[in-house]
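Working notes, structure below.
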Amino acid sequence: MSIEYSVIVPAYHEKLNIKPLTTRLFAGMSPEMAKKTELIFVDDNSQDGSVEEVDALAHQGYNVRIIVRTNERGLSSAVLKGFYEAKGQYLVCMDADLQHPPETVPKLFESLHDHAFTLGTRYAPGVGIDKDWPMYRRVISSTARMMARPLTIASDPMSGFFGLQKKYLENCNPRDINSQGFKIALELLAKLPLPRDPRVAIGEVPFTFGVRTEGESKLSGKVIIQYLQQLKELYVFKFGANNLILFITFWSILFFYVCYQLYHLVF
């Protein structure tokens with residue numbers, strides 16, 4: 001049976017999460033969907049036993065494989081590597097740390113039957129970020145989301161849990177996509193030739209963002225700087241270099257707003 005669905009998981013030192021992610025993903029699918037699905041880990045040469053872990057799961061009958069990169073690093077380029085090598089026409093990206101529930105993946109694929117691009121959103125009624133998420137992470141996430149608002153109508157453009165129909169990626173010049181940015185979903189939302197009709201362009205699937213169970217968070221000051229640089233490039237791409245002043249003004253207003261909110265949180 002031909003592959004119709006591909007799940008891409010960028011990974012670095014995530015050996016302990018590979019087995020639970022794989023088993024939960026396929027257990028959450030109907031038998032029919034599972035037969036048409038492949039799982040691809042894109043690993044940046046972790047050398048932590050991830051390759052052996054994936055091979056063991058493949059020998060157990062799971063349709064899973066691993067791509068090991070030795071000359072490249074970075075989340076966005078890893079996602080793109082997996083997308084371009086995927087066999088399916090419906091693609092989903094998710095984190096390896098189980099903060100994106102594998103059981104929700106079938107809902108993203110179902111949404112992709114009706115939409116060009118689908119996002120898992122943490123900002124729908126009744127769901128959201130786990131209550132144990134630190135306040136500073138919530139503030140950073142909300143601020144980043146607000147700064148991306150002029151670029152897309154999506155409620156959660158910062159989500160790393162998303163999917164797309166591969167044909168839209170194939171219709172975009174790879175040179176136009178910044179593979180060094182941190183938020184690849186936002187990059188693709190801004191640059192792919194998605195339908196003009198928002199009803200078919202973007203779908204959203206609510207999910208609750210969980211707490212990492214194994215490994216360490218990749219969030220750092222360097223990542224935040226990369227995101228700000230990516231935002232600048234996307235603003236220029238969408239609005240033109242002459243309107244860069246709008247980006248700077250928006251940044252400044254948002255900066256003072258966040259400082260105000262943090263002041264009241266602390267004092």
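Each residue, glycine too, has its Cβ placed from N, Cα and C.
Reduced to three states, the DSSP call for Pro10 (GDP-alpha-D-mannose binding site) is strand. Non-local neighbourhood of Pro10 (GDP-alpha-D-mannose binding site): Phe41, Val42, Asp44, Leu75, Ala78, Val79, Gly82, Cys93, Asp95, Ala96, each in the same chain, at least six residues away, with C-beta under 8 Å from its C-beta. Here Swiss-Prot flags Pro10, Tyr12, Glu14, Val42, Asp44, Asp95, Ala96, Asp97, Gln99, Arg122, Lys183, Arg212, Lys218 as GDP-alpha-D-mannose binding site.
Per Swiss-Prot, the feature Mg(2+) binding site maps to Asp97, Gln99. Under DSSP, Asp97 (Mg(2+) binding site) is assigned to coil, being neither helix nor strand in the three-state scheme.
Residues annotated as Mn(2+) binding site in Swiss-Prot, with similarity to another entry given as evidence: Asp97, Gln99.
What Swiss-Prot lists as N-acetylserine is Ser2, and the listing cites experimental evidence. Just so you know, the Cβ of Ser2 (N-acetylserine) picks up 8 other Cβ atoms within 10 Å once every protein chain is counted. Taken residue by residue with DSSP, Ser2 (N-acetylserine) is part of neither helix nor strand, so it is coil.
Following the DSSP three-state reduction, the secondary structure of Ser141 (phosphoserine) is helix. What Swiss-Prot records for Ser141 is phosphoserine, and it gives experimental evidence as the kind of evidence.
The topological domain 'Lumenal' annotation in Swiss-Prot covers 260-267 and rests on sequence analysis.
According to Swiss-Prot, the feature transmembrane segment maps to 239-259.
Across the structure, Ser141 (phosphoserine) and Asp97 (Mg(2+) binding site) are spaced 17 Å apart at their Cα atoms. If you draw a 10 Å sphere around the CB of Asp44 (GDP-alpha-D-mannose binding site), it holds 21 other CB atoms from the protein chains shown.
Averaged across the topological domain 'Lumenal' (260-267), pLDDT in this predicted model comes to 55. Counting every protein chain shown, the number of other Cβ atoms lying within 10 Å of the Cβ of Gln99 (GDP-alpha-D-mannose binding site) is 21. Using Asp97 (Mg(2+) binding site) as the reference Cα, a 10 A cut-off selects Glu14 from the recorded positions Ser2, Glu14, Lys183.
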